[in-house]
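Taken straight from TrEMBL:
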- Asn88, Asn98, His103, Glu108: oxalate binding site (BINDING)
- His101, His103, Glu108, His147: Mn(2+) binding site (BINDING)
- Cys24-Cys39: disulfide bond (DISULFID)
- 53-201: domain 'Cupin type-1' (DOMAIN)
Amino acid sequence: MVFLFLFLVAPCYAADPDPLQDFCVADLNSSASVNGFPCKPSSEVTSSDFFFDGFTKEGNVSNVFGLRVTSANVLSFPGLNTLGMSMNRVEFAPGGLNSPHSHPRATELGVVVQGKLLVGLVTTSNVFYSKEVGPGELFVIPRGLVHFQRNIGEGKALSFTAFNSQLPGAVFTAPTLFAATPTVPNEVLTQAFQVDENVVNQIKSKFGT
């Protein structure tokens, strides 16, 4: 009985096994598996698989949210496959907003490089935390919590964020509910938000649904 108990409990305390290879550059032409993409054959790996220059280019923030996110994840940077990390370059126009969203697969660590952001997050107990964050200051968003960043400075703002996942995912609250395909039933949204159906339809129209 003691042996059986230890056998059942041991996996709860086991750590992930050490890697059995130096790297596993993603073969993006294959379908994703449980833990990322299959490895590209070593004979096909090149130096460019380990480097990414997407953060050197300024993005276009001329959109309704005044925002540009450039992602360095496994889809754009195959060398990250199985390494459990990724980054974003996040650019804001004056008044720009990275609207409320969550990352289902990662905690987020961010640093502001330029400008001033209002960073806020909401816990599962509906407690709201926020702070104005300036250059050189960091913020952390625990995995799965709804959060946002808004540029409250006079000029553009720039931040970089890091994640403990090669593909953290992003669930944006508004389009998830009001622009899903197929659409979320109006009766669900009217009851959830305690508003008239006309309000729901008006919000859906903003997202082209």
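Quick reminder: no glycine exception, Cβ is built from N, Cα and C everywhere.
Sitting within 8 Å of the Cβ centre of His101, His103, Glu108, His147, and not among those site residues for Mn(2+), are the Cβ atoms of Ser102, Leu121, Ile141, Leu145, Val146, Pro168, Ala170. Around the Cβ of His147 (Mn(2+) binding site), the same chain contributes Pro100, His101, Ser102, Glu108, Val119, Gly120, Leu121, Val122, Ile141, each under 8 angstroms and 6 or more positions distant in sequence. Taking the mean position of the Cβ atoms of Asn88, Asn98, His103, Glu108 as the oxalate site, the remaining same-chain residues with a Cβ inside 8 Å of that point are Val69, Val90, His101, Gly110, Ile141, His147, Thr161, Phe163, Pro168, Ala170. According to DSSP, the domain 'Cupin type-1' (53-201) comprises 25 helix, 57 strand, 67 coil. Confidence for the domain 'Cupin type-1' (53-201), expressed as mean pLDDT, is 96. Listed in sequence order, the residues of the same chain lying 6 or more apart from His103 (oxalate binding site) and placing their CB within less than 8 Å of its CB are Ile141, Arg143, Gly144, Phe163, Ser165, Pro168, Gly169, Ala170, Val171. Each of the disulfide-bonded residues Cys24, Cys39 was scored by the number of other CB atoms within 10 Å of its CB, and the largest score is that of Cys24. Its Cβ taken as reference, His101 (Mn(2+) binding site) is surrounded by 18 other Cβ atoms within 10 Å in the chains shown. Contacts of Asn88 (oxalate binding site) defined by a Cβ separation under 8 A and a same-chain sequence distance of 6+ are given as Val69, Thr70, Ser71, Ala72, Phe160, Thr161, Phe163, in order along the sequence.
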